[in-house]
């Protein structure tokens, strides 16, 4: 059954109205993921991809929280959110524009750089976590553990440098905006780690005993030096025990 001409005309008028409204509206980009680089510039393209590292780290936090439910990971993630709130507050207080000279549609302020502040916060927290929290936690593979920790610090440091350099190279921030963001990130990272290590971590055993923590399967792995090795050995032992039990049941 075909639609009436009046209905078709009404639909067309509505479509033209919507499209016309879009054409006369100011479009606002989601600047969290919008990264541009000079066409044909391989270094710029590489730095543009590396500048997405904060998004990858954030996705990693969400995955860890969903599948591991560790309180320290949750507090670390909350620290990154707090760091972003500090950055937004400073941007709207200082109100310094970005130094971009090419045609652009950016409306956000540039002082301090949120990318450099995030990466320096993350790297500073990881550094303090390794040298303070894990300093006295060594297992039989102490040498291998130290190498892994140094490798983690090296990767974090290189990624932080490349992200900071990329923000200047791609003309999203000036040198001063990146440097100020880096310093603030280091300060906030140090303060948040100190708060977590000295004040919040001692409360974790009490928090995991709450009913709501049991409901969401939250856990405290503070005293376990190598959670991967611990979970591996426990899982292997449980699998072997279940296998022996299954064989015993079949033999009866």
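FYI, residue positions are counted from 1 along the chain as it appears here.
Glycine too: its Cβ is placed from the backbone N, Cα and C atoms.
What you are looking at is a predicted structure, and each value in this text was computed from that prediction instead of being measured.
On the 0 to 100 pLDDT scale, the model's mean across the domain 'Phosphatidic acid phosphatase type 2/haloperoxidase' (73-193) is 86. Marked as domain 'Phosphatidic acid phosphatase type 2/haloperoxidase' by TrEMBL: 73-193.
Note on the transmembrane segment (46-67): residues 32-33, 35-37, 73-74, 76-77, 80, 115, 118-119, 122, 159, 162-163, 165-167, 169-170 of its chain, located 6 or more positions outside it, place their CB under 8 angstroms from a CB of the stretch. Residues or ranges marked as transmembrane segment by TrEMBL: 46-67 (among others).
According to TrEMBL, the feature transmembrane segment maps to 74-94 (among others).
Taken from TrEMBL, the feature transmembrane segment applies to 114-135 (among others). Long-range neighbours of the transmembrane segment (114-135) within the same chain, counting only residues 6 or more positions beyond its ends whose Cβ lies under 8 Å from a Cβ of the stretch, are 51, 53-54, 57, 76, 79-80, 83-84, 86-88, 91, 149, 152-153, 156-157, 159-160, 163-164, 166-167, 172-173, 177-179, 181-186, 188-190, 192-193, 197, 225.
As annotated by TrEMBL, transmembrane segment applies to 147-168 (among others).
According to TrEMBL, the feature transmembrane segment maps to 180-200 (among others).
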